[in-house]
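K.L.:
Heads up, here are the entries from Swiss-Prot:
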BINDING   Ser13, Arg55, His56, Thr88, Ala89, Thr192  phosphate binding site
BINDING   Met191, Asp215, Tyr216, Asp217  substrate binding site
SITE      Ser173  site 'Important for substrate specificity'
SITE      Val228  site 'Important for substrate specificity'
Amino acid sequence: MRPAIKIGIIGGSGLDDSQILESRSEKVVSTHFGNPSDVLIEGKIAGVDCVLLARHGRNHSIMPSNVNYRANIWALKTVGCTHVIVSTATGSLQERIHPGDLVIPDNFIDRTTKRAQTFYDGNDMLVGVCHVPMEPAFCSRTREVLIETAKELGLVGVHNKGTVVTIEGPRFSSKAESNLFRQWGADLVNMTLVPEVVLAKEAGLCYAAIAMATDYDCWRDCGENVNVADVMATFKKNVTKVTQLITAVIPKIAEMDWTETIGELTKTVNGSIMLPHAY
C-alpha cells in the first residue's frame, strides 16, 4: 500500500506567502524540542496535502542561528509530512551561477558553530546516538523530479547540482572566507540549509532544496559586494520561478510511489542508531 503523501514547504527569505495554498488553515504545534518558527499553515496545492512553515517566522524576526530547526522539522514530521521542499537565498561562488538562477543542491559543507544537529541528544524520547550518513545529502528522487519539472516548465538558469556552504551568520562572509569556499569547490553560500538537511534525514523525510542565487557574495574584484537590499530585490524579482516550480512539482511527487524510497530511508536511519549497552 502506498504511503499517503504530504509535503512540507519551508519558505525562506521572500517565500513564506501562504497564498500558494488552497483551503488554508492554521495549526499550532509544539514539540519535544520546543516551538517551531511559526504556526503551520495547512492546505492543498493541486489537491495534494501540504504544510507551509516560515523558517524565520512570518515577520522575519528570527535570525539564522536562532531558528529552532529541530522543532521545525519535528513539527512537519508530527503532522504527517513525508517530504520537505525548501527555498533558500544563497550567494553565488561561481561566475556561471548568476543572480536570479536556481540551483538544486546535491551536497553541503557545514561551517555553522552554534546549532543542534541531531534529535538524539540524550533526551528521554529518542534513545541512543544517531550516526546518520549524509551521502546522499538530499533525497535523490525528489531532486530528480524538481530538475525534470524545471525543464518541462522551460525555466532558464536552473542548475542541476551544487555544493552549498552553510555559514553561521547573520553576518556575510569576508572576502578571504568567500575565496576559501571557492577553493573548496563550493558553488553557493547560505545560512540555513544546515542543520535542516541533516535533521530531515534523521526524521526520515525526503528533503530537497531550491536555492536561489541572489548575489555574488564578495569574492569578485569587480562589482558590488553582497548587501541585504540587493539580496531581497533579486529574490523578489525572481521568486515567481520558485513558486512556479514548487506548485508544478507537488502533484508530480504525489503521483509517484514512494514506498521503497521512504522504506530505505527509514532503514538507513534505524541502522544508524547506536543504543546504550553494558560492557
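From the backbone N, Cα and C atoms, a Cβ is placed for every residue, glycine too.
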K.L.:
In angstrom units, rounded to an integer, how far apart are the Cα atoms of Arg55 (phosphate binding site) and Met191 (substrate binding site)?
P.N.:
12
K.L.:
Please state whether DSSP places Tyr216 (substrate binding site) in a helix, a strand or coil.
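P.N.:
Coil, per DSSP.
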K.L.:
How far apart, in angstrom, are the most distant Cα atoms among the substrate-binding residues Met191, Asp215, Tyr216, Asp217?
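P.N.:
Output for substrate binders Met191, Asp215, Tyr216, Asp217: max Cα distance 15 Å.
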K.L.:
Would you mind checking how many other C-beta atoms are within 10 angstroms of the C-beta on His56 (phosphate binding site)?
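P.N.:
Counting Cβ neighbours of His56 (phosphate binding site) within 10 Å gives 20.
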K.L.:
Tell me whether His56 (phosphate binding site) sits in a helix, a strand or coil according to DSSP.
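P.N.:
Assignment for His56 (phosphate binding site) reads coil.
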K.L.:
Since the record lists Thr88, Ser173, Thr192 as recorded positions, which of them has the fewest other Cβ atoms within 10 Å of its Cβ?
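P.N.:
Across Thr88, Ser173, Thr192, these recorded positions, the one with fewest Cβ atoms within 10 Å is Ser173.
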K.L.:
So among Ser173, Met191, Tyr216, Asp217, Val228, all listed as recorded positions, which is physically nearest to Thr88 (phosphate binding site)? Use the C-alpha atoms.
P.N.:
Met191
K.L.:
Given a separation of at least six residues and a C-beta threshold under 8 Å, show me what packs close to Tyr216 (substrate binding site) in the same chain.
P.N.:
Gly91, Ser92, Glu95, Pro99, Gly223, Val226
K.L.:
Highest Cβ count within 10 Å among the recorded positions Ala89, Met191, Val228: which residue is it?
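P.N.:
Of the recorded positions Ala89, Met191, Val228, the most buried by Cβ count within 10 Å is Met191.
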K.L.:
Work through the recorded positions one by one (Ser173, Met191, Val228) and name whichever has its CA nearest to the CA of Ala89 (phosphate binding site).
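P.N.:
Looking at Cα distances from Ala89 (phosphate binding site), the smallest one goes to Met191.
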K.L.:
Which ones are near Ser173 (site 'Important for substrate specificity'): of the binding-site residues His56, Thr192, Asp215, Asp217, which have a Cα within 10 Å?
P.N.:
Asp217
